[in-house]
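Colleague: Okay, here's the structure, questions in a sec.
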Amino acid sequence: MSTDPTVLAEAAAPDAERLLADLPPTPAVWCSGLRKRYRKQTAVDDVSFTVGRGEVLGLLGPNGAGKTSVIKILLGLVRPDAGEVLLLGRPGTDPQARARVGYLPELFRYQPWLTAAEVLALHVRLAGAAVPAREQRESLALVGLTDRAGDRVGGFSKGMQQRLGLAVALVARPELVLLDEPTSALDPIGRADVRDLLLSLKERRVAVLLNSHLIGEVERVCDRVVILDKGRVAASGTLAELLGQRELRLRLDEVSAEAEARLAAAGQLTHSGDSYTVTLPADQSATMVPDLVAELVRLGVRVHAVEPARISLEERLLDILRAGTGGDR
Amino acid sequence: MIARTVLTLAVLTLQEALRRRVLRSLVVMTVVLLSLSAWGFYRLDSEFGTLTSGEARLAASTVLNLVMFGLSLIAALGTAFLAGPTLAGEIESGIALAVMTRPVRRSAVLLGKWLGLVAFGSGFVIVAGLGQLLIVRITVGYWPPQPATGLALLAAQTTVLLTLGLLLSTVISPMASGIVAVGLFGATWIAGVVGMVGEAFGNDGMAGVGTVSRMLLPTDGLWRGAMHAFQHPGLSQFPAFEDSPFLSMAPLTATYLAWAALWVAVVLGLSALAFQRRDL
Ligand SMILES: Nc1ncnc2c1ncn2[C@@H]1O[C@H](COP(=O)(O)OP(=O)(O)OP(=O)(O)O)[C@@H](O)[C@H]1O
Ligand SMILES: [Mg+2]
């Protein structure tokens, strides 16, 4: 019996490769059990979440909730007391994990003695990416700084520095972008630009972790949100999950049994007197409400009022945070 | 990968030094010192025309070392106040955040910054020192026995000090690190003088102060080696001059040079460790 182990290993290698290739892609961010204390202050307390490839995740929470701390831990800027991080499938302790990661810090400052174009060139070099000068200029154009490419950053206004920071985060062709309050210093047009930018990243399947106090912004672009409060995950889920299902409130007359069956088919039905409430599933089609109304009318129901209802993310956020404070005291 | 990071950061640091106001103040101070010394040497030559050539050489040697001390002080101030802000200042202002989130090792960033600072400090010392040597040659016709060794030792002294500044800047604020580094530099120089006086009077306790301080921070020892390389070789034959703070009787030993190199490596390693552990 002489089985050469090297021969066996060689035979197994292509199999292993195929197995790896067949594996579903690792998430853009995976973190588990993150903890961080600053002296007496617990900044992050057992935080775990994932961001899928191409997913836009919103990180919400009040001031001091630990959002920036979590982002810094993910990027290896801050050492967690406990917990593990994987970025794009590599452990966060390996610098190479950040090769395809872009970051806009909350406190954005760039070398004041360099020009905007030089800052981008520096980051491209450090990232080890081969990004031609033309593409670097395009990144500057994307954030509206084309005219200032040759000016020293020291002379930039705050908003211009934040725009430059966005360009820096995006210049090295990232697969994951972490943005810590990317619009805090931007004018209304800049904010709209960032929203478009986020949507275009989503289209290109770039994963985004977005921390913002502008809930409207988050609600419009994010697939999922994680809500932090006092360093803990207070709630998380897709927008639909967090906001609950939509409701349809109707005021109806002359409802036949057949019409009532039709209503019940649309969703869970409750009614008292002439007011009917249908809880609609999250994945309803856009024409569902008009279809339902048309059918009710055809069935001889007299429709007095139809009122779709949905609580906003802001209301939901305030609910969650208030419940958190209430429970503590 | 690591080499690219180190090189990129070295170039960046050099670029920073050249573009910031530190350079301008450094140039102004140097030009002032060099012109003053040129005038001084010119006067020395014309006023003391009656001196014997031996006496003139002694005077020139002493004054040259005095001016070189001024130069090394300028280099110390310049690099210490450059080394501090370049790391601690960047951490404080947030510039470090974007850089450190690139796929780079912190130790590679530190090494790159150190290399850039060493290149800048050494470049300054060599250019300004060479200018000074030429001034002395033109005005009084004196040329030191080992100019290259002397300048290299001055550069080494600057390197030691900026390495210390870098270590300090990983743990304390940028301004404080500059001040502490220059303070320690001055303290070891004074301790060195105390040690010399102690040796001259046969006081072992005082002599020990100089020896110990020269081990703790090798700036003063390297400076003495540089002085020895600049001064006239005949001067060692005059024991009377032994206690002058601007003359040195013995060349540096290879052991001391090795110690200085080890010191720099250890301090740089400590800085890397402190930087690695730090939250940004
Ligand atoms: N360097 C630090 N030293 C001491 N405490 C810190 C430090 N950084 C953060 N903290 C503490 O950690 C907690 C979380 O801070 P963090 O900056 O993560 O909050 P945040 O959610 O980003 O808040 P904001 O919305 O105001 O940006 C706070 O209580 C803060 O005081
Ligand atoms: Mg924050």
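Heads up, the Cβ atoms here are built off N, Cα and C, so glycines get one too.
Summarising the annotation, TrEMBL assigns transmembrane segment to B:22-42, B:62-83, B:114-136, B:148-168, B:175-197, B:256-275.
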Colleague: How about the transmembrane segment (B:22-42) and the transmembrane segment (B:256-275): do they have 3 or more C-beta pairs under 8 A, pairs 6 or more apart in sequence?
Modeller: no
Colleague: Counting Cβ pairs under 8 Å that are 6 or more apart in sequence, does the total for the transmembrane segment (B:256-275) and the transmembrane segment (B:148-168) reach three or more?
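Modeller: Since 3 or more Cβ pairs under 8 Å link them, the transmembrane segment (B:256-275) and the transmembrane segment (B:148-168) do come into contact.
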Colleague: Go through the chain and flag residues at least 6 beyond the ends of the transmembrane segment (B:148-168) whose CB is under 8 A from any CB in it; none is fine as an answer.
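Modeller: Same-chain contacts beyond the ends: 68, 71-72, 75-76, 79-80, 82-84, 86-87, 110, 113-114, 117-118, 121-122, 124-126, 129-130, 176-178, 180-181, 184-185, 217-219, 222-223, 225-227, 229-230, 252, 260, 263-264, 267-268, 270-271, 274.
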